[in-house]
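Annotation source Swiss-Prot lists region 'Domain I, interacts with DnaA modulators' at 1-84. Per Swiss-Prot, region 'Domain II' is recorded for 84-123, and the stated evidence type is sequence analysis. Under the heading region 'Disordered', Swiss-Prot lists 103-123. Swiss-Prot lists 124-340 with the feature region 'Domain III, AAA+ region'. Annotated ATP binding site per Swiss-Prot: GLY168, GLY170, LYS171, THR172, in sequence order. If you look up Swiss-Prot, you'll see 341-460 marked as region 'Domain IV, binds dsDNA'.
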Amino acid sequence: MAVSLWQQCIGRLQDELSAQQFSMWIRPLQAEMDGDTLVLYAPNRFVLDWVRDKYINIINQFFTEQMGNDAPKLRFDIGSRPSAKKPEPAPVAAVRVPNPQTKASVGTSFNTTEPVANTNHRSNINPTYQFDNFVEGKSNQLGKAAALQVAENPGGAYNPLFLYGGTGLGKTHLLHAVGNGIIKNNPNAKVVYMHSERFVQDMVKALQNNAIEEFKRYYRSVDALFIDDIQFFANKDRSQEEFFHTFNALLEGNHQIILTSDRYPKEIDGVEDRLKSRFGWGLTVAIEPPELETRVAILMRKAQESGINLPDEVAFFIAKRLRSNVRELEGALNRVIANANFTGRPITIDFVREALRDLLALQEKLVTIDNIQKTVAEYYKIKMADMLSKRRSRSVARPRQVAMALSKELTNQSLPEIGDAFGGRDHTTVLHACRKIAQLREESHDIKEDYANLIRTLSS
């Protein structure tokens, strides 16, 4: 009875939550009765904590509405429900493809004299990219959680997994981390990572060498295929055709696919609608630019790995001024470390100002409140005067709140200074706007997309 009630509760949650929230947090749960208690099994600690924190009140309220005082007790656990557990399957009879940088090779199904056969010696999974050294924050926690679940259960609920976001935000790191996780759990797994251009090149070589059937057999036999920057398939009709059939074959065999792009699937121009539709069959997750706390954590982790003692105030100084992506942060820190090693000077704020003066000057020039206001007004198609006016209609108030939140995140101005720039508003109005937009970014896919697009525009 209670398990049936849980199925009804799932229907309620599916109506109330966004498709991404439902796929991410509710779909992986399994339910089973234990006496008078309904046990919900989550695949890992992250999902368990999130559901218990965000959704337990909704679940309990539904149970009470349906059964009153007879509603079952609720308990959470990690793993699969006992009745669902099955004997471990035999290891996959497949070949792990070594990194091309290593000299070792294993048996192949291709004739290695053929150019296309090079695919047989390339997993390209970088062992240095692990979940343990991926710095997590609000901007990427959904992506990491999804990647962890795929690593634990490849070919399961999130297939395909589609990660999108700007350059240098950690999408590639997560791809490799998943690959390393899969190989750790099953050393025989055939996991292949590549850039989309490499897939195109391999197909062209196969056509030139009359080896297209071998090409098809290879790509359709892998246990997991990870393709970076799928947007480069744009306007390559033959490549899209071949990938379409490869995609279908892998999904039919429950083999994992992970794709990345710099934009939301439906916004990729030059890619067939049937492919874009399939990209959204599993789970689509945005990887956003890191917020201040995450940027600081990235700098501290990188400095620690380099054996450098980076003072907290210096990390905050850099993180507050360089905001666009992880790659830029790491590049800036590498420059600071190199300068410090060369000159023998201690790493202070004044030293960093000098070492990064060109980068800092460029950032300060690019991102101003005025620039943010103009960009947001143009994006939402409202007048600049409306941004500063007292109008409270949603069509004006929401863009104004977005612009205030962006001003807090992307500039070094204080809340009172931001308020002054928006028509002399009080700092509490700015604070409310920032909190409101932060809430909406979790609840509304459209606001989340708008905010990410605006950050990309302002940071480019």
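Numbers here mean position along the shown chain, with the first residue as 1.
Backbone N, Cα and C atoms are what each Cβ position is placed from, and that goes for glycine too.
Listed in sequence order, the residues of the same chain lying 6 or more apart from GLY168 (ATP binding site) and placing their CB within less than 8 Å of its CB are SER324, ASN325, VAL326, ARG327, GLU328. Secondary structure at GLY168 (ATP binding site), as computed by DSSP, is coil. Around THR172 (ATP binding site), taking its Cβ as the centre, 19 other Cβ atoms fall within 10 Å, counting all chains. Across the region 'Domain IV, binds dsDNA' (341-460), DSSP helix (H, G, I), strand (E, B) and coil residues number 93 helix, 0 strand, 27 coil. Counting every protein chain shown, the Cβ of LYS171 (ATP binding site) has 24 other Cβ atoms within 10 Å. Report note: the ATP site is defined by GLY168, GLY170, LYS171, THR172, and the residues of the same chain whose CB lies within 8 Å of the CB centroid of those residues, excluding them, are GLY165, THR167, LEU169, HIS173, LEU174, THR260, ILE287, ASN325, VAL326, ARG327.
GLY170 (ATP binding site): 27 other CB atoms within 10 A of its CB, across all protein chains.
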